[in-house]
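The following features are taken from TrEMBL:
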DOMAIN    233-284  domain 'Kazal-like'
TRANSMEM  42-61  transmembrane segment
TRANSMEM  133-157  transmembrane segment
TRANSMEM  169-193  transmembrane segment
TRANSMEM  205-225  transmembrane segment
TRANSMEM  303-328  transmembrane segment
TRANSMEM  349-373  transmembrane segment
TRANSMEM  393-416  transmembrane segment
Amino acid sequence: MVALGPVLGFLMGSALLSQWINIGHNEIPNGITTNDPRWIGRWWAGFLVSTSSLTILSFFLSTFPDKLPRDINQTEESIDVSQSTNSICALGQAATRRHTLPKITSPTQCTFLCRISKIKDIFTSVTDLLMNFTYLLIVLINSVESILVVSFTTFMVKYIESVFNLSSSLSSILTGSIVVPAAVLGTFTGGYLVRRFHMGILQCIKMILIACSISWFGLIALLFLKCRSTPIYQGDTYCSKSCHCSSHVYEPICYQEEITYLSPCHAGCTFVNGSDYSNCACLPIGRPVRSGSCQNICFTETFLFLSILFVVTFFQTLMATPQLIIILRSVQHELQSFGLGLENCIMKILAQIPAPILFGIIIDNQCLFWSQATCDRRGSCFIYNGERLPSTLFGTAIIIKAISFFLLIILLIVTIRRHKIPNDFSSRPPPHVRSTLPCQEQEDPLIVSTL
């Protein structure tokens, strides 16, 4: 069910982007098509649909009770025993963390001390988790991997549109049909492998290392996949300088499906007949010139790119379940929930918030022509450099992946050293001297009655 949301999101986004921005205007100005960079889809409608859906669902969620009712067949005695057992475990865990129970003289002091104790517990738990080297490393690895996931999810549609000369609606459909099934299959396969082979921390790290290596080589392969017949975008030329053409007006025309001029003015055209231009001073006489940008779609490179992207996404999400298992098994039982929350907070600070900003700057640096907003401000980008964008985007992704791989190697070495069996078995105490676990004593009715 979780994977159904992104699928519906990509399909809805593609359907809305294929519609003109205004409602009720069936006539699109100047004959602009969905393949034209000037096309503005109905982007705002998705926010209305999402907001309305969340509002309706939140109303139904508000009807649930604060606490779910207990089982009717459960007796009061079993409730008391379970509560006593939980109290014993809580006291034992607090003792291991060097907590002390102060003397209480009044109910007001009890409430105050409970609040102080909760605040101290938060800082103590954070310190315990950050001092756990295995937990710290796997959280950093998850944060680095999350940078790639967030950035690719955000900008992959724009990348496919710019590099492979596709429309925004078609790019959205292709991205959703490749990324979402690969992510679902990878997450399911990772969970199955962990359960099937009963993997521990060391086995999970090895599995993550293998998946990281394969996805790393996949990113290197994606670096070299782009259209070889990318159209050339032409601005001011020697013959169009006398026309004083504006560099912020984008009304492209295509010459022989090879060169796209920013406007008819840049090609020196003085006559238009529908979507055809003629009498262009900067072009040979008699050559056909049409309205719109050149579309040189390369099907082979696009198919290879999408196939490798499926493999990269599969192995990228294959690491999700092993990473979760490492977190849960590397911390104390009472800190597992808090550890997951702290990991989520660290990932948002280190990855999910700065990643779109970082990759947005990287992509904007490859813009060829900008629009002009009000007050001489720079607006949106008309055209991106399809030749340099792959090396810039995937080059950054490969460097980030190398950092993750380096952290995985450190985590593997640390884990192997901790799991290494010592050669001297004589230092182990005999079986009859070994102490029993505290949890075995918590079922003693005498201990429960004394508490």
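Cβ from N, Cα, C; glycine included.
At the 8 Å Cβ threshold, with sequence separation of at least 6, the transmembrane segment (169-193) comes into contact with the transmembrane segment (303-328) through 3 or more pairs. With Cβ pairs under 8 Å as the measure, the transmembrane segment (303-328) is packed most heavily against 205-225, out of 133-157, 205-225, 349-373, 393-416. Here the domain 'Kazal-like' (233-284) returns a mean pLDDT of 74 for the predicted model.
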